[in-house]
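Annotation comment: TrEMBL describes 1-19 as compositional bias 'Low complexity'. According to TrEMBL, the compositional bias 'Basic and acidic residues' annotation covers 594-609. The compositional bias 'Polar residues' annotation in TrEMBL covers 610-622. According to TrEMBL, the feature region 'Disordered' maps to 1-31, 584-622. The transmembrane segment annotation in TrEMBL covers 79-99, 106-129, 149-178, 199-218, 230-250, 381-400, 425-442, 507-526, 550-574.
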Amino acid sequence: MEVSSSSNSPSTSTSSTSTDPNRNTHELQQMSKQKGGLITLPFIIANEAFEKVASYGLLPNMILYLMKDYHMTIPTGTSVLSIWSGVTNFTPIIGAFFSDSYLGRFWTITFGSIASLLGMTLLWFTAVFPQTKPPHCELFSKDCKSSTAAQLSLLFSSFILMSIGAGGIRACSISFGADQLHKKDNQSYDRLLQNFFNWYYASAGISVVLALTVIVYIQDRFGWKVGFGVPAILMFISAASFIFASSYYIKVNANKSLFSGFAHVIVASVKNKHFVLPPKDEDGCYHHYKDSILTVPSQKLRFLNKACMITDHDKDLNPNGSASNPWTLCTVDQVEEFKCLLKVMPIWSSGIMLGVALSQSTLPILQANSMDRHITSKFQIPAGSFGTFVVVSLAIWVGIYDRLLLPLLVKLTGRPYGLSFKERMGIGLVFSILSLATSAIVEGIRRKTAIREGLSGNPQGIVHMSAMWLIPQNCLLGLAEAFNAIGQTEFYYSECPKSMGSIATSLNGLCSAVGSLIVGLLINIVDDITKKGGRNSWVSNNINNGHYDYYYWLLTILSSINLVYFLVCCWAYGPTAEERLLPSKEVEEEENQEELKELKEKEEERQELIKSQTLQNMMSSG
């Protein structure tokens with residue numbers, strides 16, 4: 001692309017500092033003459049499917065492994081798993097950055113697959129070799145020895161490697177698959193791409209369900225050696241199948257990342273802070289793309305405008321018109337993209353409490369483990385499989401809403417999205433509050449039943465109460481995700497420029513990551529405060545002596561406060577793009593045609609985004 005930029009001299013059209021967006025397309029067309037195509041897709045889909053079955057099958061029962069084999073307390077084990085989950089949700093953002101900026105998608109997935117395989121192999125070693133963990137003892141016994149630094153280092157190294165691997169694979173797989181179908185003379189590209197997305201989402205969704213059921217059942221039935229060995233074998237198949245087809249792939253070189261562009265804006269605005277901004281409507285003083293409609297930055301967050309302000313034409317620009325240093329001069333587009341990101345952050349932050357609610361997966365497992373899980377006289381649901389109800393309720397509701405309710409709501413409201421993004425986010429937060437309140441009520445009943453049956457001193461005893469009472473709270477949590485998380489992603493996608501589409505899905509992963517880290521911090525704070533004076537901690541190692549119901553009520557109160565915060569953020573944000581395009585008597589219909597056309601195009605792209613976010617949320621639920 002080209003830019004037009006000047007200060008005191010006539011406008012000059014030259015090459016932009018930004019990489020030509022047609023560059024990757026040209027590369028794809030050249031390479032696709034001989035490589036890529038449908039033959040590569042089974043290897044890519046299999047790689048991610050096996051990785052998901054392997055990795056998501058490990059987390060549900062991990063709290064039991066840490067307690068029984070590493071003698072961790074419930075607060076400590078929950079903190080460890082929350083941090084691991086948070087890091088795993090954050091690494092795809094880092095993986096996307098390295099893929100776009102340095103490695104390219106193929107090598108990012110390859111390194112990720114190898115890292116995951118090494119991590120799962122190390123975890124399997126901890127189950128096979130007794131020297132890797134402290135001597136066996138009865139659960140909750142005071143004579144249990146703590147793990148050594150070396151033993152914990154091996155365990156945590158396996159977690160870190162699996163997180164790194166997940167970041168490499170999940171950040172790039174779907175985009176890498178799309179690369180393989182990009183042929184210049186491919187008239188059916190859109191249809192093939194749609195089919196690929198459908199198969200990708202279907203296989204990934206099935207993988208998550210298999211992980212939460214089959215892998216968890218294997219761990220319960222055959223123990224940790226087999227339960228960790230099977231995921232390691234699946235991960236080996238995943239890595240081997242992907243690398244085997246290496247010579248058939250289209251491999252696009254790395255390009256500049258949007259994240260690095262944000263860093264340029266921050267640094268450039270700080271470096272140029274001593275300069276005075278020109279009058280707000282003065283053109284020709286800012287660095288911008290030649291064909292861009294953005295030639296002057298907006299007046300909101302004006303201090304960032306200094307990042308794209310040309311102060312010295314000869315010093316700031318190369319002879320060809322590109323910025324001599326991207327860390328001191330950016331384009332108007334880069335500045336406006338970063339402003340858009342900052343603008344949505346308050347509403348984004350309101351989703352963190354939903355991430356906190358979703359990160360309570362270890363506590364329901366402990367509850368289920370102490371309840372009657374039988375559905376027949378001989379078969380009982382594994383404690384780690386109850387999270388499947390979150391996944392199933394989310395998927396079912398998305399299908400019902402999108403196919404049945406949405407057309408009706410469009411007719412009733414006259415809006416192409418039915419319920420607005422803000423309305424859906426708010427409804428999701430209400431469902432999360434109801435889920436936490438239900439959890440508190442059920443746990444209160446379970447605890448009273450355990451005490452009445454004389455199990456207050458026996459945390460491993462089974463309470464005569466059906467674990468099916470845990471299903472409603474899981475279903476409500478699935479509805480919370482279906483409304484809030486997906487609505488939030490659509491909100492980002494609608495409000496931000498199209499070039500920031502990848503950011504829309506990244507922000508939800510970041511919400512989950514921050515929520516997991518907060519859980520790890522919060523449960524330790526609650527433990528330290530509530531056990532003062534010799535009292536039993538709310539989150540005691542003995543689930544029957546503790547008060548996990550109080551802990552759930554605390555989360556319910558915090559989530560209610562967060563709902564109020566969300567409403568304030570919505571009010572401060574003002575109308576969204578969809579709300580600005582509502583029919584109005586003051587605005588002639590023809591004046592809105594272009595915007596309505598653009599909104600219709602975004603609605604089509606939204607359908608794919610819903611599938612992507614549904615899958616992402618199914619994984620965070622797992």
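Numbers here mean position along the shown chain, with the first residue as 1.
A Cβ is built for glycine as well, from the same backbone N, Cα and C atoms used for every other residue.
Just so you know, TrEMBL annotations are computer predictions that nobody has curated.
Since we're looking at a predicted model, the values are computed, not measured.
Long-range neighbours of the transmembrane segment (425-442) within the same chain, counting only residues 6 or more positions beyond its ends whose Cβ lies under 8 Å from a Cβ of the stretch, are 347, 350-351, 353-354, 357, 360, 364, 367, 419, 469-470, 472-474, 476-477, 479-485, 487-488, 491, 549-550, 552-553, 555-556, 559-560, 562-563, 566-567, 570.
Outside the transmembrane segment (230-250), and at least 6 residues removed from its termini, the chain residues within Cβ reach (under 8 Å) are 28, 31-32, 35-37, 39-40, 43-44, 46-51, 53-55, 57-58, 106, 109-110, 113-114, 116-117, 120-121, 123-124, 176, 179-180, 182, 215, 218. Through the fold, the transmembrane segment (550-574) approaches residues 343-344, 346-347, 349-350, 352-353, 356-357, 360, 363, 422, 425-426, 429-430, 432-433, 436-437, 439-440, 443, 523, 526, 530, 538-539 of its own chain, all at least 6 residues removed from its boundaries and within a Cβ separation under 8 Å. Cβ atoms under 8 Å from those of the transmembrane segment (507-526) belong to residues 75, 78-80, 82-83, 85-90, 92-93, 344, 348, 351-360, 485, 488-489, 492, 537-539, 551, 554, 613, 616-617, 620 of the same chain, restricted to positions at least 6 beyond its ends.
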